[in-house]
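Working notes, beginning with the structure itself.
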């Protein structure tokens with residue numbers, strides 16, 4: 001027992017007081033500490049949005065309706081919050097719902113409609129199907145089968161790399177890039193687990209590991225360019241096209257595919273060539289064959305067991321959806337099944353219809369259980385849905401407020417600039433901005449501006465909109481460029497210098513390919529030679 005009466009707070013004595021012992025000398029609360037807690041970078045970024053909005057409203061003068069100034073102020077508010085992420089991106093994406101009515105840009109009803117149209121329905125349906133694919137491990141079975149096919153006997157590292165990258169790109173065509181990267185990275189790293197790590201790892205093995213991880217994250221981005229559902233960027237572009245040009249022919253799933261797939265294919269083979277040149281040295285097959293063989297992949301596949309009824313039905317449902325997407329509108333001579341409904345059915349119609357079937361078809365595992373239930377849908381990426389809605393709302397707001405006309409007048413100097421000079425520049429600017437903010441935010445910011453530039457230059461808007469939107473997907477240099485890059489970076493196999501070494505030539509090639517294909521193949525597919 002201690003000689004004094006000070007309780008031993010570190011002892012296990014049950015009589016030790018649970019409340020803190022009060023200091024006999026009263027201390028005044030520190031006002032400095034509370035002030036310091038207020039002056040944080042995040043609080044500054046939160047205030048930055050309303051502050052920029054207020055300054056623009058007070059200081060900017062335009063020879064245009066006052067609503068155009070208000071719209072500019074709202075854009076400054078929203079984009080500052082998006083760039084700094086002071087407020088979570090999904091919450092910022094809902095800001096037009098209260099800012100537009102308060103500033104007199106649009107009514108609450110008209111803004112709310114932007115958050116649910118056919119494009120949003122397309123996203124929701126396709127994401128539910130993607131969750132079903134993930135739930136039943138269909139992606140893993142597909143990946144292992146294709147990788148075994150490409151493995152080679154004896155082992156051929158460039159061919160194996162091609163198989164892993166091609167599988168990732170294919171998966172990414174039908175679901176969001178990040179989801180594809182998250183699904184495929186464990187499959188890829190599972191293959192790499194057979195290889196030695198640490199001090200015993202040879203340079204050949206280390207390089208191959210880098211190639212596989214880089215191949216997965218870049219293939220996910222490239223595959224997403226192929227289809228409308230592959231990434232939110234394509235959907236934002238299509239939604240803005242419909243919003244700005246409601247009388248023009250909408251961009252259907254197969255229209256985009258006929259342009260996006262050949263472009264993605266060209267960029268994909270460029271990626272494979274770059275990875276083989278940088279990371280697959282001559283004789284690497286002999287070194288790697290000691291650790292990698294078909295037996296490992298076969299054992300992984302056997303662990304999944306035979307394909308169950310539920311997996312077959314999900315695959316059949318997904319396959320049917322793709323067929324319906326591709327055949328809704330084919331050509332002017334062969335109109336497709338959409339003509340049966342007088343053009344009232346859209347890609348979102350069949351997306352939601354096929355997703356609904358998953359909640360009706362039994363999975364034959366437990367009595368009364370269906371292929372999908374709502375609990376499995378709790379992982380739906382509502383952040384993407386809200387961001388798409390915000391993009392459509394902003395497109396409508398820019399047009400309704402009169403800001404579109406102001407931008408058009410300000411860009412008169414571009415009238416004499418040749419298209420072949422401006423197209424690569426548009427793509428480069430978009431591809432640079434996307435390294436520092438999300439692909440979707442970049443598209444939402446850039447595309448409305450490109451529409452006005454196209455009007456000033458008297459060229460078809462899609463000739464600039466498409467390079468701007470696809471350029472926003474060339475986030476190949478930094479881990480922060482897109483969540484897919486972070487997925488690869490956290491494996492520990494790659495560093496920033498590896499991304500720059502591979503991503504820079506890939507970005508340059510992508511810009512060149514897009515600048516050449518858009519005025520040639522793109523002009524034919526999108527019909528940019530005609531009137532809007």
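Note: Cβ is positioned from N, Cα and C throughout, glycine not excepted.
All TrEMBL annotations are machine predictions without curation.
If you look up TrEMBL, you'll see 1-11 marked as compositional bias 'Polar residues'.
Among the features that TrEMBL reports, region 'Disordered' is placed at 1-23.
Among the features that TrEMBL reports, transmembrane segment is placed at 43-60 (among others). Tertiary neighbourhood of the transmembrane segment (43-60): same-chain residues 69-70, 72-74, 76-78, 80-81, 84-87, selected by CB-CB distance under 8 Å and a gap of 6+ residues from either end.
What TrEMBL lists as transmembrane segment is 89-107 (among others).
Annotation source TrEMBL lists transmembrane segment at 119-139 (among others).
Same-chain neighbours of the transmembrane segment (159-192): 126-127, 129-130, 133-134, 139-140, 142-144, 146-147, 149-152, 208-209, 211-213, 215-224, 226-227, 229-232, 264, 268, 271-272, 275-276, 280, 292, 296-297, 300, 318, 322, 381, 384, 482-484, 487-488, 491, 493, counting only residues six or more beyond its ends whose CB sits under 8 Å from a CB of the stretch. What TrEMBL records for 159-192 (among others) is transmembrane segment.
Sequence-distant contacts of the transmembrane segment (212-236) (same chain, six or more residues past either end, CB-CB distance under 8 Å): 119, 122-123, 126, 161, 164-166, 168-178, 180-181, 184-185, 188-189, 191-192, 251, 253, 256-257, 260-261, 263-264, 267-268, 271-272, 275, 279, 347, 351, 384, 387-388, 391-392, 439-440, 443-444, 447, 469-470, 472-476, 482, 484-485, 487-488, 491, 493-494, 498-499, 502-503, 506. For 212-236 (among others), the entry in TrEMBL reads transmembrane segment.
According to TrEMBL, the transmembrane segment annotation covers 256-280 (among others).
The annotation transmembrane segment is assigned in TrEMBL to 301-327 (among others).
The transmembrane segment feature in TrEMBL is assigned to 339-360 (among others).
Summarising the annotation, TrEMBL assigns transmembrane segment to 380-398 (among others).
Positions annotated as transmembrane segment by TrEMBL: 418-438 (among others). Residues of the same chain lying 6 or more positions beyond the ends of the transmembrane segment (418-438) and with a Cβ under 8 Å from any Cβ of it are 82-83, 89, 387, 445-446, 450, 453, 457, 459, 463-464, 467-475, 477-478, 480-482, 507, 510-512, 514-515, 518-519.
According to TrEMBL, the transmembrane segment annotation covers 459-478 (among others).
Positions annotated as transmembrane segment by TrEMBL: 508-527 (among others).
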**Report entry** Range from 301-327, 339-360, 380-398, 459-478, 508-527 with the greatest count of C-beta pairs under 8 A to the transmembrane segment (119-139)
**Finding:** 339-360
Query raised in the report: Which residues of the same chain, at least 6 past either end of the transmembrane segment (89-107), have a Cβ under 8 Å from a Cβ in it?
Result: 67, 70-71, 73-74, 77-78, 81-82, 114-115, 382-383, 386-387, 389-390, 393-394, 396-397, 400-401, 438, 441
Query raised in the report: Short question: which residues 6 or more past the ends of the transmembrane segment (380-398) have a Cβ under 8 Å from it?
Result: 71, 74-75, 78, 88-90, 92-97, 100, 105-106, 110-111, 114-117, 119-120, 123-124, 127-128, 131, 176, 179, 232, 235-236, 239-240, 243-244, 404, 407, 438, 440-441, 443-444, 447-448
**Report entry** Long-range environment of the transmembrane segment (459-478) - Cβ separation under 8 angstroms, sequence gap at least 6
**Finding:** 218, 221, 224-225, 231, 233-234, 236-237, 240-241, 244-245, 259-260, 263, 419, 422-424, 426-431, 433-436, 439-440, 442-443, 446-447, 450-451, 453, 485, 496, 499-500, 502-504, 506-507, 510-511, 514-515, 518-519, 522-523, 526, 528-530, 532
